[in-house]
Ligand code: GLN
């Protein structure tokens with residue numbers, strides 16, 4: 001089969017469109033660029049280049065997997081978050097633009113003098129929150145915990161790739177972690193999908209992402225309860241707690257934070273104007 005880059009991308013785009021993939025053309029192009037080890041611009045510069053049999057076959061395999069709704073990041077092994085490149089596998093949640101809301105909130109707090117030295121990330125997954133925060137606050141160091149050893153191994157690789165090995169530690173633990181240290185900043189994007197809603201998620205998430213990172217119990221709020229019950233063991237008085245929350249959970253989580261002895265919360269909106277991050281300080 002002799003296909004040019006242009007015709008291969010067009011055909012793949014059609015297949016992905018038929019499979020209801022959201023951004024079929026973009027994914028078709030990104031997958032081909034990935035097979036060729038090039039950027040997407042290369043496809044535009046060399047549209048008439050003919051694929052080798054090997055490249056063609058590899059591409060068809062990836063397109064078939066994407067058509068079966070496997071996430072793009074699992075096929076390329078990467079995902080960009082806050083302009084940093086993260087390794088991603090099926091053992092971790094795919095870093096999402098929603099979670100950049102929490103980073104934005106930290107950057108804005110920093111411009112007003114917030115300067116945490118020690119950061120704890122609960123349920124770190126790929127490490128994307130902790131590592132991105134440390135990239136914005138070069139003097140800080142931190143710990144990421146996760147219940148999944150497989151996730152921790154992805155996080156450690158990301159720390160290494162981003163040159164932050166010596167500034168980070170990754171440990172296996174549940175929410176009731178006690179490291180004998182109280183941190184200046186605790187962040188978490190815990191599992192928050194109500195159990196009964198998991199079946200309704202898009203196939204990329206439902207069928208390929210770890211349910212351990214998604215399922216927040218009957219009302220989706222179990223992990224917030226567990227973290228807040230332990231908050232005085234991990235956050236110093238005056239320190240800040242920042243949660244990512246589900247689309248309709250901000251008010252409930254904010255109330256739970258106040259009940260747990262935190263200050264009146266601030267709510268931060270994502271690009272879709274949804275209150276996606278809730279932050280507050282631990283009172284003495
Ligand atoms: N934002 C994710 C989703 O909607 C869920 C992430 C989480 O549970 N923390 O698929």
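For all residues, glycine too, the Cβ spot is worked out from N, Cα and C.
Remember, TrEMBL labels are computer predictions, not curated facts.
Here TrEMBL has 123, 124, 125, 126, 127, 175, 189 binding S-adenosyl-L-methionine, and the candidate from 98, 146, 207 in that same listed site is 146. Note: residue 146 (S-adenosyl-L-methionine binding site) has non-local neighbours 123, 124, 125, 152, 155, 170, 172, 173, i.e. same-chain residues 6+ apart with C-beta under 8 A of its own C-beta. In this structure, the binding-site residues that sit close to ligand 1, with a C-beta under 6 angstroms from any of its atoms, are 189, 191, chosen from 125, 127, 175, 189, 191.
Shown in sequence order, 123, 188, 193, 213, 214, 216, 223, 244, 246 are the same-chain residues outside 189, 190, 191, 192 whose Cβ sits within 8 Å of the Cβ centre of the substrate site. Of all the binding-site residues in the record (126, 127, 175), the one with the smallest CA separation from residue 192 (substrate binding site) is 175. When the neighbouring Cβ atoms lying within 10 Å are counted for each of the binding-site residues (175, 192), the highest count belongs to 192. Once the Cα atoms of 123, 124, 125, 126, 127, 146, 175, 189, the listed binders of S-adenosyl-L-methionine, are compared pairwise, the greatest separation found is 17 Å.
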